[in-house]
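Worksheet: the structure to be examined is printed underneath.
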């Protein structure tokens, strides 16, 4: 029993600490100016590229250390599909931070229930209960209230007012749609092939390295981004640290799902989102309006109620989770 408690504390501490640091660094890189001239880092694909290189190298090292095959299990184009979708997901996530605050983005991620259910029905032929749709609707309503009624003092450095809201919401919708597809297609690959987790991570991130580098070259941002991080060493340090904690978090996520199941993981992630919002509000001085507090209460009450009712029903881990927690670990 003590061993199980220790493992639980290890999992909770690992996920909470790495993802909280990840969230703070993510917001700092995209929204806090660097240097005496107050320059903003605008090259989100460069962050994706650095992140994927590290994750790919670590996953390859694990496969080789465990003497497991590094050969692709599925056709390469299927890894590329996951990779492209994941890059679009992450890029939308970083771009959204230019126009909305981290608390808004974090809470909006809870609304991924709807796209996950849509993609699950379209790709995996899954069915959902009326209660699943009810909770998804409540969470979406709460997220909408939180996004639409931002406090007056929470301004974007890139635009303001309605323009900021429109761009922020547009990128968040893109994030939710692509993220739902990514997790669903990953789930399909795991069920369709005898695939080890690190095998998928390695080939997906390897494809992501090529695609993100190609995107940077086509945009003409390779040397511009390099020039920025060379002039601002603290920005380069933040990006390396971000990539490190993002990679470490994948192993804690895998460890938690393998030892405690998707339900415990979902509860930990919900708590992490709540703590992330509070930490961001304190660290970056984000004001919250009364309507946003109400929206947050609706969202987290719905998520915890869903987890509580699921624990009573005790469904198999492989059953669809509305918030995507049963999906295999994904790259941040």
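Along the chain as shown, residues are numbered 1 onward.
Cβ coordinates come from backbone N, Cα and C, glycine included.
TrEMBL does not curate its annotations; it predicts them automatically.
From a predicted model like this one, the values you see are computed outputs, not experimental measurements.
Copied over from TrEMBL, here are the features:
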| type | residues | note |
| --- | --- | --- |
| TRANSMEM | 5-25 | transmembrane segment |
| TRANSMEM | 45-65 | transmembrane segment |
| TRANSMEM | 133-152 | transmembrane segment |
| TRANSMEM | 164-181 | transmembrane segment |
| TRANSMEM | 201-224 | transmembrane segment |
| TRANSMEM | 236-255 | transmembrane segment |
| TRANSMEM | 292-309 | transmembrane segment |
Using Cβ atoms only, state whether the transmembrane segment (236-255) and the transmembrane segment (5-25) have three or more pairs under 8 Å that are 6 or more apart in sequence. yes
Kindly say whether the transmembrane segment (45-65) and the transmembrane segment (292-309) touch, using the definition of 3 or more Cβ pairs under 8 Å where each pair is 6 or more positions apart. no
Using a Cβ cut-off of under 8 Å, list the residues of the same chain at least 6 residues beyond the transmembrane segment (201-224) that approach it. 43, 45-46, 48-49, 52-53, 55-56, 59-60, 63, 70, 72, 76, 79-80, 82-84, 86-87, 250, 329, 331
